[in-house]
Amino acid sequence: GDILDDYLRTDGVWILTRNKQFYTTNNEKECAEKCEAERHFTCRAFLFTRKKLQCLTLAENAKMTVRFASTDAVLYEKRIYLLQCKRGIGKDYRGTEAKTRRGIPCQKWAEKIPHKPNYTPEKHPNAGLEENYCRNPDGDEKGPWCYTTDPAMRFDYCDIPECEDQVMHTGEGDCMECNGEDYHGEVSRTESGLECQRWDAQKPHMHGFTLKHYPQKDLKKNYCRNPDGEPRPWCFTTSPNKRWEYCNIPRCSTRPPSGLGSQCLSGKGEDYRGRIATTESGHACQHWNTQFPHKHGWIPDKYPCKGLEENYCRNPDGEKKPWCYTVNSSVRWEYCTIPPCDGTEQGIAGMNNMPRHIPLTEECYRGKGQSYRGTTSITASGKTCQAWNSMFPHRHIKTPDRFPDADLRDNYCRNPDGDNSPWCFTTDPSTTWEYCNLKRCDDHTQE
């Protein structure tokens with residue numbers, strides 16, 4: 001497989017580290033090869049900067065040191081050093097558990113007191129005998145162990161949980177179809193072995209994914225779920241240093257039945273499978289399986305049930321109606337005009353001579369905009385709005401519960417508090433809120 005498959009990638013992150021080596025490389029793969037070949041220390045991660053093509057191999061990963069934002073950097077962490085669980089007998093376990101199953105602290109592998117060790121870092125340089133972490137250098141069938149700091153007990157085994165991706169799940173619901181949006185299984189650890197945070201808890205991570213706000217998403221206990229259309233199920237973690245992570249859930253061997261889909265617009269058009277491939281202003285759509293002129297993440301192989309065929313208009317992400325990327329390099333994406341399903345005969349007959357743009361909702365406001373119920377969700381400076389029921393990245397009290405008459409749906413611009421015009425909180429951590437990109441309606445516009 002690809003050398004980068006052994007690493008967990010995080011964009012826009014830099015970590016503070018003492019032990020590092022600088023290299024000049026052309027791409028991430030070459031940097032990963034430098035990490036694999038590193039002899040100055042055990043390489044647990046590397047940083048790659050896109051502009052300077054700079055490669056830093058690191059002795060620490062994000063679990064061991066401080067991390068902060070850096071736009072141009074990409075952090076790759078070796079998955080083996082992030083796992084807090086064991087696979088099989090745990091010979092490759094490189095987690096940080098440092099006490100025995102009875103709770104006795106482990107002796108450092110390099111020390112000779114209170115016990116003179118047979119297994120040392122010098123004798124076994126590839127066994128990961130660092131600090132006093134539990135390891136299995138001799139392939140013991142009972143799993144990772146360590147020498148103890150109790151003079152009366154030379155060594156003991158450690159209590160390391162099994163990685164769930166190694167458990168053979170045979171029960172119904174323990175594999176996922178499509179992107180796992182209907183997954184109802186009981187896996188509750190992330191792909192690196194971290195335990196999931198309960199959905200009804202707000203510690204260590206505050207969030208808006210609650211049963212109350214997502215009643216159809218089966219947010220039970222701390223089970224992995226996919227309430228927001230990610231590529232696969234995920235969860236918030238119980239580690240303060242890792243907000244969320246994907247879970248490793250196998251795909252079901254049988255493909256789900258592929259419904260015919262709709263040829264007209266009903267609801268938001270998420271089940272639309274027609275062949276319109278032009279936007280409402282007349283631009284041709286870019287093929288979903290190409291990255292030119294616009295790079296994007298909606299790759300058909302990653303989203304097998306979203307109908308991303310050819311360059312047809314689709315709605316894979318719950319937008320207000322089907323859309324596509326355009327072949328015009330200066331217009332990234334646009335909505336498409338799809339005939340509505342109600343009055344199907346008229347809709348289909350009028351398909352070819354439909355107007356270019358059907359305003360489905362009002363996109364201007366009257367007065368201060370307290371009655372505005374449109375679906376604009378972009379601020380005046382182009383930032384995306386934060387959902388009203390979310391507390392990330394900004395905590396606030398303008399919730400749908402407290403303002404039941406303000407129609408605080410999704411992340412649509414609203415004016416619940418009598419401000420000058422509709423506004424929203426933004427998804428930019430550095431900008432709490434902004435007025436929205438909306439005009440006041442012309443008084444002569446017909447109601």
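Here the Cβ of each residue, glycine as well, is placed from N, Cα and C on the backbone.
Annotated disulfide bond per TrEMBL: Cys175-Cys252 (among others), in sequence order.
Among the features that TrEMBL reports, disulfide bond is placed at Cys196-Cys235 (among others).
For Cys224-Cys247 (among others), the entry in TrEMBL reads disulfide bond. Same-chain residues at least 6 positions away in sequence with a Cβ under 8 Å from that of Cys224 (disulfide bond) are, in sequence order, Gly180, Tyr183, Gly185, Val187, Ser188, Thr190, Cys196, Pro233, Trp234, Cys235, Cys247, Ile249.
Cys264 (disulfide bond) has a Cβ environment of 17 other Cβ atoms inside 10 Å. Look at TrEMBL and you will find Cys264-Cys341 (among others) tagged as disulfide bond.
Here Cys324 (disulfide bond) comes close to Ala277, Thr279, Cys285, Gln286, Trp288, Asn311, Tyr312, Cys313, Arg314, Trp333, Glu334, Cys336: these same-chain residues lie at least six apart in sequence, with C-beta atoms under 8 angstroms from its C-beta. The disulfide bond annotation in TrEMBL covers Cys285-Cys324 (among others).
Within 10 Å of the C-beta atom of Cys336 (disulfide bond) sit 24 other C-beta atoms, taking all shown protein chains into account. Feature annotation from TrEMBL assigns disulfide bond to Cys313-Cys336 (among others).
There are 15 other CB atoms within 10 A of the CB of Cys364 (disulfide bond), with all protein chains counted. The feature disulfide bond is assigned by TrEMBL to Cys364-Cys441 (among others).
Its Cβ placed at the centre, Cys424 (disulfide bond) has 26 other Cβ atoms within 10 Å. As annotated by TrEMBL, disulfide bond applies to Cys385-Cys424 (among others).
Residues annotated as disulfide bond in TrEMBL: Cys413-Cys436 (among others). If you draw a 10 Å sphere around the CB of Cys413 (disulfide bond), it holds 24 other CB atoms from the protein chains shown.
TrEMBL lists 1-81 with the feature domain 'Apple'.
As annotated by TrEMBL, domain 'Kringle' applies to 84-163 (among others). Taken together, the residues of the domain 'Kringle' (84-163) have an average pLDDT of 91.
According to TrEMBL, the domain 'Kringle' annotation covers 174-252 (among others).
What TrEMBL lists as domain 'Kringle' is 263-341 (among others).
Per TrEMBL, the feature domain 'Kringle' maps to 363-441 (among others).
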Rounded Cα distance in angstrom between Cys252 (disulfide bond) and Cys424 (disulfide bond) is 40
Candidate ranges 1-81, 84-163, 363-441 - greatest C-beta contact count to the domain 'Kringle' (174-252) (under 8 angstroms)
363-441
Just how many other Cβ atoms lie inside 10 Å of the Cβ on Cys285 (disulfide bond)?
22
Other than its own, how many Cβ atoms are within 10 Å of the Cβ belonging to Cys247 (disulfide bond)?
26
Tell me, in order along the sequence, which disulfide-bonded residues from Cys341, Cys385, Cys424 have their CA within 10 Å of Cys413 (disulfide bond).
Cys385, Cys424
